[in-house]
Structure formats: C-alpha cells, structure tokens
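*Asks:* Sharing a structure below in structure tokens format, with a few things to ask.
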Amino acid sequence: MLPILNIIAATTFAAALSSRAMEPVLPLVADSFGVTVATAASLSAVVAFTFAIVQPILGAAADMFGKARLMIACLILLGAANIVGAMATSFEMLFLSRVLCGMAAGGTFPIAFGLTSDLVPTAQRQVALGRVLAGAMTGNLLGATAAGVIGDFLGWRGVLAVLGAIMVIASVAVFLGFRRGGVTSPRSGVSLKSLKDGYRTILKNPNARVVFIAVFIEGICVLGLLPFVAAFLFELGETRASIPGVVIAAFAVGGLLYTASVSRMLPRFGVNGLMVGGAIVVALQFVVVAIGPRWEIQAICFLLMGWGFYSLHGSLQVFSSDLAPEARASALSLHAFCFFMGQAVGPILYGFALSHAGKIPTLIISAVVILVLGIVAARLLHQKPAEMADI
C-alpha cells in the first residue's frame, strides 16, 4: 500500500479529533456563558449540519484546485477556528467558530477519500479507503475521550486551545508529507464548464441514484439510532452516564475491526457480498437491541453493528468513487452530503416512531429496511467491465 496513504489517514485523524471534542465539555460551556445545556448542544449539531451543506461546493473546489491543497487549507482553517473558539468572549462567537470547524471538516474527510481513490486502483481501493477510515474512527474515539480529560484540568477553553495547536502542527506535517509524495501540484485544464460536465456525468450514471439514496437511508436507520442509546439503557435501569458512552464507543470499535479485516474479507466475498453480509449483521443487531438485553450484550451488539455497517457503507463508497473519475471529489462530496442529511433526519424520524409505535416495532422496521437495502443495492449496483477486470 502507498506510504502517502498514511499521511491521508493522519489528516482524517487530526480532523476527527475536533469533530466531537465539545460534547464532553458542553456543561462547562453552558455554565461559562449562562446558557442551557440544550442551547450549548447546538455547538455539536451545527458542526454536522455545516459539514453536510458545504459538500457540493467543496467537492467542486477540490476538483478545480486540487484535493491535497484543499485538505491542507481546511486543516489550517480548523486550527484557526479552534483557537478563535478558545478565545471566544460570547456564545455567539463560539458558535461561529464551530460553524467554521464544520466547514473545515467538510473539506477534509470526503476529499481524503477522493484523493485516496485517485491514487489506488479499484482492486485495492476498498482496503485503502478502510485505512483512511481507520484514521477518522480513531480520531473520533480519542477526541471525545481526550477532551473530557483535558476539560477536567484546563476547562473547555483548554480543550479548544490544545486542538488548535494540534491542527496547526498537523497542517505543517501534512503539507510536508504531501509535497514529498508529489500530490500538491495544481490541477490544469479544469474550468467551471468541466465541473458542470462532471456533475452531469455523476447524475447520469445509473449507480448514482442507488448509492446516494442508500447512504441517505443508512444515515437515517443506523446513525439516527445512536442518540437514543442512553434512553434505551435508562429504561432498563442503567442510570450511569458512562455506560451509553461505552456502548456507542463499541460501534466505533466495530468500524475499526472492519478496517482491519476488509483486506481478508474482500477477496472472499467481493464488494456486493460485503453489502449483503453487512446488512444482515446490522439487521440482526437491531432485533437483539429491540429485545432490551443487559448493557454488556448491547455493547457487543453495537460492536457487531459497527462492523456490519461499515462493511455496507464502505462498499457503497467504492461505487461512489467511480461514478465520475474526472470529478471524483464532487461525487464523494455528494455521497457525504446525502449520508449526513440522513444522519440529521434520522433522530427526528426515530423520535416520532418511538413515541407513536414503541421501541420494538420501530427497531424491527429498521432491521427490515437495512436488510432490504443491502440486498437491493447489491443487485442494482454493478461495476464497469474495466473495474471488474481489475478485481
């Protein structure tokens, strides 16, 4: 595997550190500015929302100016935004800094997957994307944990100051790594017309609608469930705040297990086989969680759910990366836009369904939807002959 992939993975790791860093210290922020915790929670929501809505713009910018250059610029912006947030004198100023963090993160993750897809042929791409994903997953896991520890000693301002310093150092290291790897050269011959043609090529590809609808539904059914884990456990009498964190972290660990095992699974099952297998695993975990076992069992379920989810999602990502090779960043940004929109809609739909139908019917329906999604996507998505020859 190319050494430059380690630099790309380091980029996603650094950016992911910042994505969930505010969540453990939201009560401290609320106390500092005299707002409610619910109001402070908007600092997390705005990052995800901004991340999603900037995708079409940043995808086009990456295709026009170069993916590596945009990623470096976004890391610098991420560092500056965190430092500004650490010095915020009002909640509104802190909120604006988190908007900038969402924009910067939006120009890092999908673009990193696009750059990886440019460098790696189809046959090895899912394994390479898994390595980059591992960087992001590790950053997510460590970000929230480290933020809690730093917050205990330095407060929420200390969390943002440390993150800002890390981002500045990371941007310099990534720039040097990318320059050594020869991926920072500006693109030539890219115009607004070619970008328009790229989007037209993406949307004309019959795989596009299937992939984008599939990741939207994924975001609703799987990621939309996570905010309700604490409530499910509370119903079972588990009142410790740390336990939902452990259960949700198990989902991320399952994602890491996927990245470690995909190189062995792919030759045996193929991309489409991983989609079906991943959907089956996720559906089974929904059924078990619906029954309401002890938290230890649910942690195992979410670990398996993470493995199954990323088996399905990673396979869909491979198809997104080949919708339009000349506009790959745009395609993967649209992929991310649909996925995060699903993640935003999911909690709303789950909240309505849980209050009107109850937990068991809601989760059984989600299980059926995910199972059907995996089977239908595997039947409808087909790689081009040239790509199949690579595999």
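Easy rule for this one: first residue shown is 1, then count along the chain.
Cβ coordinates are placed from backbone N, Cα and C, and glycine is handled just like the others.
Bear in mind that TrEMBL entries carry predicted annotations, made automatically and left uncurated.
Annotated domain 'Major facilitator superfamily (MFS) profile' per TrEMBL: 4-385, in sequence order. Positions annotated as transmembrane segment by TrEMBL: 37-58, 70-89, 95-116, 128-150, 156-178, 210-234, 240-259, 271-291, 297-319, 331-354, 360-381.
Just tell me what is around each of these and how deep it sits.
*Replies:* Per-residue confidence over the domain 'Major facilitator superfamily (MFS) profile' (4-385) averages out at a pLDDT of 85.
A Cβ distance under 8 Å defines the sequence-distant neighbours of the transmembrane segment (128-150), meaning residues of its chain 6+ beyond its ends; these are 1-2, 5-6, 8-25, 109, 112-113, 116-117, 119-120, 158-159, 162-163, 245, 249, 252-253, 255-256, 258-260, 262-263, 310, 314, 317-318, 321.
For the transmembrane segment (271-291), the residues of the chain that approach it from at least six positions outside its boundaries are 126, 222, 232, 262, 265, 297-298, 301-302, 304-305, 307-316, 318-319, 359-360, 362-364, 366-368, 370-371, 373-375, 377-378, 381, 383, 391, judged by C-beta separation under 8 angstroms.
Packing against the transmembrane segment (297-319) from elsewhere in the chain are residues 113, 122, 125-126, 129-130, 133, 207, 210-211, 214-215, 218, 222, 229, 232-233, 246-248, 250-255, 257-259, 261-262, 265, 271-272, 274-275, 277-282, 284-286, 288-289, 332, 335, 339, 370, 373-374, 377, 381, 383: each is 6 or more residues past its ends and has a CB under 8 Å from a CB in it.
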*Asks:* Other than its close neighbours in sequence, what residues sit by the transmembrane segment (360-381), given a CB gap under 8 Å and a spacing of at least six beyond its ends?
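*Replies:* Here the qualifying positions are 207, 210-211, 214, 217-218, 221-222, 225, 272-273, 275-280, 282-284, 286-287, 289-291, 312, 316, 319, 350, 353-354.
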*Asks:* Using Cβ atoms only, state whether the transmembrane segment (95-116) and the transmembrane segment (240-259) have three or more pairs under 8 Å that are 6 or more apart in sequence.
*Replies:* no
*Asks:* Given pairs 6 or more apart, does the transmembrane segment (37-58) have at least three Cβ pairs under 8 Å with the transmembrane segment (210-234)?
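*Replies:* Between the transmembrane segment (37-58) and the transmembrane segment (210-234), contact is absent.
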*Asks:* Checking distant contacts: for the transmembrane segment (156-178), what same-chain residues at least six beyond its ends satisfy Cβ-Cβ under 8 A?
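*Replies:* Non-local partners: 4, 7, 10-11, 14-15, 17-18, 21-22, 25, 28-29, 32, 68, 71-72, 75-76, 78-83, 85-87, 97, 147, 150, 184.
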